[in-house]
Structure formats: structure tokens, C-alpha cells
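According to TrEMBL, the active site, proton donor annotation covers Asp262. Per TrEMBL, the feature site 'Transition state stabilizer' maps to Cys182.
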Amino acid sequence: MSVESNGSSAAATTAGGSLQSICYERGSLRLLDQRKLPLETVYLDVKDSTDGWTAIRDMVVRGAPAIAIAAALSLAVEACNLDFNGTSEDASSFLIKKLEYLVSSRPTAVNLSDAVEKLRSLVLKTVQTATEAKTVFQAYIDAAETMLIDDVASNKAIGFHGAKHLRSNLEGLEKISVLTHCNTGSLATAGYGTALGVIRALQSEGFLEKAFCTETRPFNQGSRLTAFELVHDRIPATLIADSAVAALMKAGRVNAVIVGADRIAANGDTANKIGTYNVALSAFHHGIQFYVAAPITSIDLSISSGEQIVIEERSAKELLHSDGGLGKQVAASGISVWNPAFDVTPARLITAIITEKGVIVKASDEAFDIKGFIENAKVDKGFG
């Protein structure tokens, strides 16, 4: 990957004033290196799926929706610029092999595997009637670009449904204060965001008093990224240490919690950034509503509960060194480290799940019927 530096954090504002972590035009993809924020803005040129895989693994790009889109577009750029002399069947095999490679970059977020499966199905369908390789490649490129467009629309719908639901559930309050964990905004998606999209919608409707964001150790996505987005959007916000969550709630300063999701099981158990479970337990103890905001693509009906979710474990260096492993050593040499990137919040601690198709609430037995919700919403699981 080649590097383009813009020198200051202000340069990360593009396209109508909104933050943009994924800059794409057909044949060209640039990813904002989120490891450098908020002090430096650096865009990396992604020329092929290998660059895409590396950017995802090294957390140049992060956030479940953004990972899926970056992976899909990295292969679209490769396909667009490829000098290919094979048959349509050869093109299909090439794309499927690359998709299988991309899905191995990070295992926990379901959005990536969901996107890969959709694109794989599209390729297999296209090759049945295609007589030339370019037809297969073009179909893939069009589908990947559609994912980029659809994600922004999906996020704005999540924001709308979430704000409407919270205003209804917290009626009687003129304004509310909300806590969020990790980063779920424009930097974690194609634009606008999921949980942070709900906060943006609350702010635009004049219903938000303040947003609290956790620092989200050890990679500091909250302090580096969420705080950056909130300041950029001029949303009233306060940064707190991860360990201050319970004290904040005890002081009565939070009315609701909204987080994102990397994978949601059929029963509603939710894998999200490490520390989410702690926040949910504190919210439950203090009687505070706890919401998950995520697109339907984050739901994995193939697993019955969170016990089946594979949790990624990351390098010990992220804890042994400052700045999520990028800075100086801060812990004693020789100490062992356990560094899971995610934890699973049980469905019983979750008030509701906010999606682009509406809000999934619990039935009378205090359980989520996610499968029934998806069936009733007539969710399209493919292209075309």
C-alpha cells in the first residue's frame, strides 16, 4: 500500500462535510489510516485484495460494516485494473479464491463473511450465462459498489428508527444523555454510523443533551475516533475512562446506552468490542436501557447463542505498549497477556436491537424472536 498524508486531522472531512474513511472511485480505493487519528490524517492507496487484507488485519480500517465494504472494494479495484486473459470460469474461480482469502482477515465480525457469501453467490450465478470474463468481473464490481451505497442508506435508517424508539421509550424527558462504547460512526461504516448514527439522529432532532464516550482500551477507538467524530459534528460530548462507566451511571448522568455489534446470534447475544459486557452489566444494575444498533447483516442466524461466536485474540503488544501497541512499552517485560478483541453481551441484558428495518423488541417471554422479525421484514439476502 502506498501512503498519502494530508498533514492534519481536519483533512479527514470530505464529501459534504462528513467524515469519510473509505474513498472510492471505480478503479481506485483509499482508506483513512485510523491508527493515526486524531493527530494525523493519512490515506493509504489500496490496489488489490492483498492490500485490503493487510489493511483489515492491521486495523487501518475497522468497524464491522467498514471491514466488509473495504474487503469487497479492494477486490473490485483489483478486478477493474486486471489484465486477464482467461475464460469466464477462470474469472469466477479467481474472484471466489480472493473472497475466501479476504474473509480470513478478521474472524469475529459477521458482516465480512455475509458480504463474501453474497458476492460469491452473485459470481456463481453470473458465470452460468457469461461468455466472457469481463462480464463476471463487471457484475462483481457493480455489486461491490452497491454495497457501499446501501450501507449509508442503511445507517441513516438505523438512526431514524433508533431515535424514534428512544424518544418513545423515554417519554417525559425533554432531552437525554447517552453513553456509547468503541467507535460506530462514519469511521466504522461507509458513512453516518450505527450506534453513533442514532446519536446523530437524536442530536438533529434536538433530543440529545450529551453523548458520553468511553476511551475503549487498549486500541482507544473511543478516545481517538468517537471523540474525533463527536467534536467534528459539534455534538455535546464528554470522554470518560472505561473504568468510570459504573460511577457515571450511579451519579444518574446517563439515560441510555447505545452500542454497535460485530455479530448477533439468533437469540440476541451480541459480540462487540471488549468492555461492552462490562457496560451492559453496569447498565442492568442501574436500571438503564441498553441498546444494540446494527444492520441486519450483523445478525447470524446460523448460530443459536453467543457461545458459538469465535472471539479474535490480538497481539500482546497492544497491552504491553501505549497507543494500542504503537507507542512505548508501559508494562513489565515477561508478563503474560490475554487480549480478546471482543466479548459477548447476553441477550437478557439488551433492551432492544435497532436495525435499518425497525427495532427488534423482546416478546412477552423476555426473549428476542430475531428470525421472525427478519422474515416479517422480508429482508433481501442477495443482489438483484
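Every residue, even glycine, has its Cβ placed from backbone N, Cα and C.
Not measured: the values here are computed from a predicted model.
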Rounded inter-Cα distance in Å - Cys182 (site 'Transition state stabilizer'), the residue listed as 'active site, proton donor'
11
Cys182 (site 'Transition state stabilizer') has how many other Cβ neighbours within 10 Å of its own Cβ?
30
Which residues, sitting 6 or more apart from the residue listed as 'active site, proton donor' on the same chain, put a CB under 8 Å from its CB?
Ala64, Thr108, Ala109, Val110, Asn111, Ala271, Asn272, Lys273, Ser298, Phe342
